[in-house]
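Peer 1: One structure, as structure tokens, below. Some questions next.
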Amino acid sequence: MFCSKKKLLEVERVVKANDREYNEKFQYADNRIHTSKYNLLTFLPINLFEQFQRVANAYFLFLLILQLIPEISSLTWFTTFVPLVLVIMMTAVKDATDDYFRHKSDDQVNNRQSEVLKDSRLQNEKWMNVKVGDIIKLENNQFVAADLLLLSSSEPHGLCYIETAELDGETNLKVRHALSVTSELGADISRLARFDGTVVCEAPNNKLDKFTGVLTWKNCKHPLNNEKIILRGCILRNTGWCFGMVIFAGPDTKLMQNSGKTKFKRTSIDRFMNILVLWIFGFLVCLGIILAIGNSIWENQVGGQFRTFLFWNEGEKNSVFSGFLTFWSYIIILNTVVPISLYVSMEVIRLGHSYFINWDRKMYYSGKVIPAEARTTTLNEELGQVEYVFSDKTGTLTQNVMTFKKCSINGRIYGEVNDDLGQKTEITKLMESIKQGDPKVREFFRLLAVCHTVMSEENNAGQLVYQVQSPDEGALVTAARNFGFVFKSRTPETITIEELGTLVTYQLLAFLDFNNVRKRMSVIVRNPDGQIKLYSKGADIILFEKLLPSHEDLRSLTSDHISEFAGEGLRTLAIAYRDLDDKYFKEWQKMLEDANASTDERDEWIAELYEEIERDLMLLGATAVEDKLQEGVIETVTSLSLANIKIWILTGDKQETAINIGYACNILTDDMNDVFVISGGTATEVKEELRKAKENLFGQNRSFSNGLVDCEKRQQLELSSVGEETVTGEYALIINGHSLAHALESDVGNDLLELACMCKTVVCCRVTPLQKAQVVELVKKHRHAVTLAIGDGANDVSMIKSAHIGVGISGQEGLQAVLASDYSFAQFRYLQRLLLVHGRWSYYRMCKFLYYFFYKNFAFTLVHFWFGFFCGFSAQTVYDQWFITLFNIVYTSLPVLAMGIFDQDVSAQNSMDYPQLYEPGQLNLLFNKRKFFICVVHGIYTSLVIFFIPYGAFYDVAGEDGQHIADYQSFAVTLATSLVIVVSVQMALDTSYWTIINHVFIWGSIVTYFCILFTTHSNGMFGVFPNQFPFVGNVWHSLTQKCIWLVILLTTVASVMPVVMFRFLKVDLYPTRSDQIRQQQRTEKKARPRRSQRSHTRRSSSRRSGYAFAHQEGYGKLITSGKNMRVQSPPPPTGLEKTLYNSTSRIEDLCKKTTDTVSSLGQDRTVQL
């Protein structure tokens, strides 16, 4: 990475405006960003270093060096050099391609244009040329180029509105305001050019919600906080222009500080392969030592007589030195146990699996024409081993769209409901009630149009546009607008609405702002008739305590309606009002003014006054807003939970938002035994809350016992506590960002992780992007489990990079998450198919491929070992040189490759219907140490059969023509033919899913073997290359003998039959879950019964107020101060506005087939893995 040199430790930053020469002496980073790993100079050394970290590559390089020594090499160096170079080049090209796209993305960002104040005029500069201390101009809807100190804006009092979706995932607007001394600069270029203020502030850090500094200008010091700073990654909204001074640039910006580093990701199978290569090398060393000792003994006892018999002129050989040379010769000969073609084949298989993901039409989103994309080819089998999914909320689980669905007014429900058959029925029509003049209905929508913090403006087309501080308020104000009560404009003293075509202006007397304690907001207005009204909306549990006693019946009925709405996952608010007496209000207003002027216990006094006036309310009803989930989220979450995958939500949203979404998508349920909330403000408080939660959890689980843990089955998970295995019931953990920071920065992290892993669901609220990555790293480090992170915004990039697998969603927040991801698609629901189908298949296929690859190579190579005892340990090869060269490249590569690419144990639909099939991957049951040793034993047995049956059959035997057939060449042809047939038949017997390609590759390989065999043994080849093809005519002599074919048949049967018998008995007596489902597939192949249609059942749920979801305290004061108001006349009435939001139906059904069908299977036969 080429960036300016930096100090070892930057304690504080000093920046002077409009003075590049002054700022350059501090050597601050420029605004260029780098997410790529290589450049032209560093690519070759770094890439080679990374590739030779793979033990196998280093192993083959070592073998290549050995083969260059003629005294010990019986194989030419070319046989290792070409495959090694080929593998390294293929991997290098792939890595270079991936990094090219990272460079392309960096260039796109770095070359964005920005207006920079230079030489007393605005000049267009690329983002990468912006320096610390520069003053830049931003315009509406423009991305912020760097971390800026806001100087002035087009809004009154130097205000500006920003959207921080790329930082924290929130799409609601936030307010920033400049210092009053700098807001006076306005857009005066000459005054801005003369601005020479100096900022002393904190060093670059990753804390998004904190900034401390001091601006010194004109001998005065002005304190700076986070409200004065606009961060890179934000978008300027609802503001014509603003000017800012660059404080942090490029890698020093808070966005980049939270981005994390691009890491080289390897699968668990890759890491296991490194261990296997070391084991195999140790095994080869042992074999080499045995054969070397044998050679030394043979040379010492037999070698002298043997040389005399052959009339060799050589002198006496040193037996020890001969054994030493023989050792290295056998190391070279036996190295085919791990041929380099293994890694080429693995890359080809992974590439094929990646194309299957790209081509999957069921993961193609036609709404935006976005297919699924595998952006890496190295992690496919890891998709079949995921245990933890870390998900963002906004834009990942939800569509980021709020819809007004239902309401209860004066005891009547308005909107669509579902009857017992799941059909939607309209109970009453709301518009008719409004037209008929129902006073309660009109007052209900009048309240929605008046009681809010929404700002309105007209766009270029003259259409009314709302700028909302929370999406909930946007949905409610838009609902009032759609039913004829249109909010038009506001000033600090008035609110203007259009009621059914009539323009009405209300005088705003007081604004009782929202906070997390009150959980409600109220406005006090005077209508044109002079009546003073208090309108209030908030959480039902709060407002119901403020009602008049005479409203008890209406309260009870409305409470039932709210429970019904909450049961459908809707976010509810209670609506109430009060008529105020003029005299009483004036007295209260006087006390409020005194409270605002007070310095002692001011907030407590104001809160008491709010409580006093917000009483004796009259209930109007309740609203129900849907934070619309993405399609298929509930089914996906249910299915992944059945697959024993734990889902953690990591979001920057408020706690109420995340909890409500958790209930909506069934991550949280009311059936859970307990939900633990951790909200301590210090490390001590957090530790105490965690301790109490664990006591509570174990208090409800008295069955806690070490003896109940099946250690052998779960040893792959490397659990740090046996508690997770013995906790009965379901629990959830909810923790906010401040508490999480204390836990991560102290020794409380292990306690947090232990509790979290005992819970079914974990929700982390108000977390920064870096904290998301830290949570992922915590689980990776201590749980040794495969993690997957999924998100759609720039605030998810660090989490995506930290997890074993990163998934980006092409959503509403740009492509930053997609560019940093390993896999991408358009909808969260596709995660189910990615893991349960493609991931499980990839893991299953790769494990099967590795088993048979090692099996065939052990069977192939160990024949040399047995032959060594019969050739004087001379390192002579038992096979023809061409057979050794072509065995792994031609004869057996394609069949095992076809198995690794196309094989499947069960269909895609059954993989989705039975998520429990995913468990073997999590427990790593299909290829582990035990499976490898079984594979080695299988290969040793096959090599014994292939060598000793022909050896015994040929011993002192004559052919049909009376000639002796026990010559070396005939023996070699018989062994080679037996080996090819045995390996092909074994592969055919264990292929679960046959395609035309499998048939062509398996049977075609046998045909190809015989074609090449006859060609290499022909007179023509010998005539042209006599030294390279010495086995002239042997195949005609050998394969025309019937006894040779009987030997081959006997060898094949003896090799295959024990395995067939063992597997038959295993499937019949101890079937796995996949064996059972595969049998069910066969029986249902002709006619699959139709799935029963389940009627819609509404989930019972506790009430969860939807208010305060993304709302923030302080907007009431901002509105009444008038700082955010533009001076403009009220717009003329325009009639009923066109509906903005289209109502869409909620997801109605959950996927329940899985539990029923797996349970029915369990009744038929015991499932064992």
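Backbone N, Cα and C atoms are what each Cβ position is placed from, and that goes for glycine too.
Any TrEMBL annotation is an automated prediction that lacks curation.
Residues or ranges marked as active site, 4-aspartylphosphate intermediate by TrEMBL: Asp392. Summarising the annotation, TrEMBL assigns ATP binding site to Asp392, Lys393, Thr394, Glu473, Phe514, Lys537, Arg571, Thr651, Gly652, Asp653, Arg766, Lys772, Asn795, Asp796. Taken from TrEMBL, the feature compositional bias 'Basic residues' applies to 1087-1102. The domain 'P-type ATPase N-terminal' annotation in TrEMBL covers 15-80. What TrEMBL lists as domain 'P-type ATPase C-terminal' is 818-1072. Residues or ranges marked as region 'Disordered' in TrEMBL: 1076-1107, 1120-1139. Annotation comment: TrEMBL describes 275-298, 318-344, 849-870, 882-902, 932-951, 971-989, 1001-1024, 1044-1065 as transmembrane segment.
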Peer 1: So which of the binding-site residues is most packed in, judged by how many other Cβ atoms lie within 10 Å of its Cβ, out of Arg571, Arg766?
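Peer 2: Top count of Cβ atoms within 10 Å goes to Arg571.
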Peer 1: Over the domain 'P-type ATPase C-terminal' (818-1072), what does the predicted model average in pLDDT?
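Peer 2: Average per-residue pLDDT within the domain 'P-type ATPase C-terminal' (818-1072): 87.
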Peer 1: Relative to the Cβ position of Asn795 (ATP binding site), how many further Cβ atoms are located within 10 Å?
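Peer 2: Around Asn795 (ATP binding site), other Cβ atoms within 10 Å: 33.
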Peer 1: Please compare the recorded positions Asp392, Phe514, Gly652 by how many other CB atoms fall within 10 Å of each one's CB, and tell me which has the fewest.
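Peer 2: Comparing Cβ neighbour counts within 10 Å for the recorded positions Asp392, Phe514, Gly652 gives Phe514.
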Peer 1: Residues of the same chain, at least six outside the transmembrane segment (882-902), with any C-beta under 8 angstroms of its C-beta?
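Peer 2: Residues 75, 79, 336, 339, 341, 345, 348-349, 352-353, 845-846, 848-849, 852-853, 856-857, 860, 972, 976, 979-980, 983-984, 987, 990-991, 993, 995, 997-998, 1001-1002, 1004-1005, 1008-1009, 1012, 1016, 1028-1029 contact the transmembrane segment (882-902) from elsewhere in the chain.
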Peer 1: Which sequence-distant residues neighbour the transmembrane segment (318-344)? Criterion: at least 6 residues beyond either end, Cβ under 8 Å.
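Peer 2: Residues 54, 56-57, 59-60, 63, 66-67, 69, 71-75, 80, 83-84, 86-87, 90, 276-277, 280, 283-285, 287-289, 291-293, 295-297, 299-300, 303, 853-854, 857-858, 860-861, 864-865, 868, 873-875, 877, 884, 887-889, 893.
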Peer 1: Can you tell me how the residues of the domain 'P-type ATPase N-terminal' (15-80) break down into helix, strand and coil by DSSP?
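Peer 2: Across the domain 'P-type ATPase N-terminal' (15-80), the residues distribute as 30 helix, 2 strand, 34 coil.
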Peer 1: How big is the gap, in Å, between the Cα of Arg571 (ATP binding site) and that of Asp392 (active site, 4-aspartylphosphate intermediate), rounded to a whole number?
Peer 2: 20
